[in-house]
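Pulled from TrEMBL:
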ACT_SITE  2  active site, nucleophile
DOMAIN    2-216  domain 'Glutamine amidotransferase type-2'
DOMAIN    281-421  domain 'SIS'
DOMAIN    454-595  domain 'SIS'
ACT_SITE  600  active site, for Fru-6P isomerization activity
Ligand code: G6P
């Protein structure tokens, strides 16, 4: 989603700003722009194409300067058009970029129009630019503090002024913003990754902070205008991991990285002990009587899968809620629940807001399963398990999901142990199975040629149904999500027992029905559901395993999974569904890594 980079230096900062935007590209955007202070004037370049195109424009126009800001935009207010791209200017004096959503923009726009300001865009951002200009006192730092008090909603902004050439001011509320410290130069960004290679000395601004960035110093005030010192952290943001290597797309690379990602995530776990979640974990786990999982998208499906494990193995009652629903719902708070947020990025606005909502309801036992060690989610939760998937670039999450599942299974075993439900021989057996996961996934990846053959048939369809039962129902949901996200085929998932309560009406010979069918306790029931589909002419595409005893016949296509994996089977069964979505999208020629309208990190609600 939107990304910010800003700099004040004694050298040309254009390459730093452009490189920063490139590092943020994977988050998803539909336009980009850069503004610099050049010879007493504000200059800018904007593009609705890729950052590489912006880079060319900037080079052709010889835009070079010591002070500037840059942005990748994911449209919320106003179409993805050049005039809506950031930076926005006000009266040739103020340049501003913004992440987030300003909720009172209509009322501010009316006020500013009455004061004589003309608007060139439909964005809420231009309103902030004009507001800063309108309130300008001759001191940008002071003005931004005044202006942000007038804003409701979520924002991270970076702004500079024609009349103060060596200064960039940043402010945040609800959206992340960091400061990068250099030698005689300082930087701003929405994510430390943007500054990788430029500086690793990072300050995470807190809610309500406003920062004054100059070459030799930075100055931070909190929401009350009091000067504050914030801790400087050394952050080794990943850099090399975003190379594509021999793969055609990041998604393909990331699917094939799963054996390594799971091995890394489990590295160092010799036995089950609460310490792996944080120092106080034992005390907390002892106290809690239930689990409340909050997440969005693919992470939510990881949570749904974990519910089956947590209830069956640990005997702990578990609720799983979509973060954007939970935060606005009147729920019954339980101070003895363990609140678990699951997030690849650790930045998802709705999940963060849901966490804060739970905390405000006196639910203080918080834990996150997160792939970004320095994210707000990790900072704001008492306990954490960091998955080591590495940087995930493809918008459609793959390795983040399977590593989340691995971490959630560890959580399940740990809670089971603390609750006295994990005899040692079970612990040893489960750990052995977990350690075998990388090899088991490698064997599943070898099914790719068979899946490619199926994908050719799928590419000609406009609808697909996914069925699963029990613990594989969330996997069917994730398979359908993958397919719709990147191939734009309408896909829905159902617990197979629900078929006859509605979706069966959709089944004709035009409807491919993907069935996740391992030989677990539900297999006989699932076979009956498959008969219901065949009887209506529906074409079945079944992921079975050796013990499922389902054979190919007319209208029934079967791919056999190499092993039967018991409780951990969801981690294996999602992999062929990822490959099916990938190869179907490839056959349809869609933009696999950057599907239309979607963003990697959803930092607005
Ligand atoms: C976006 C991404 C999904 C992701 C979801 C939640 O929709 O495209 O891949 O599952 O956000 O993100 P999170 O970073 O919180 O896991």
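Residue numbering: from 1, along the chain as shown.
Just so it is clear, glycine is given a Cβ too, placed from its N, Cα and C backbone atoms.
Source: prediction; values computed, not measured.
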Rounded to an integer, what is the Cα-Cα distance in Å between residue 2 (active site, nucleophile) and residue 600 (active site, for Fru-6P isomerization activity)?
10
What are the DSSP helix, strand and coil residue counts for the domain 'SIS' (454-595)?
72 helix, 32 strand, 38 coil
For residue 2 (active site, nucleophile), the number of neighbouring Cβ atoms whose distance to its own Cβ is within 10 Å equals 27
Mind looking up the mean pLDDT for the domain 'SIS' (281-421) in the predicted model?
96
How many other Cβ atoms are found within 10 Å of the Cβ atom of the residue listed as 'active site, for Fru-6P isomerization activity', counting all protein chains shown?
24
For the domain 'SIS' (281-421), DSSP counts of helix, strand and coil?
66 helix, 28 strand, 47 coil
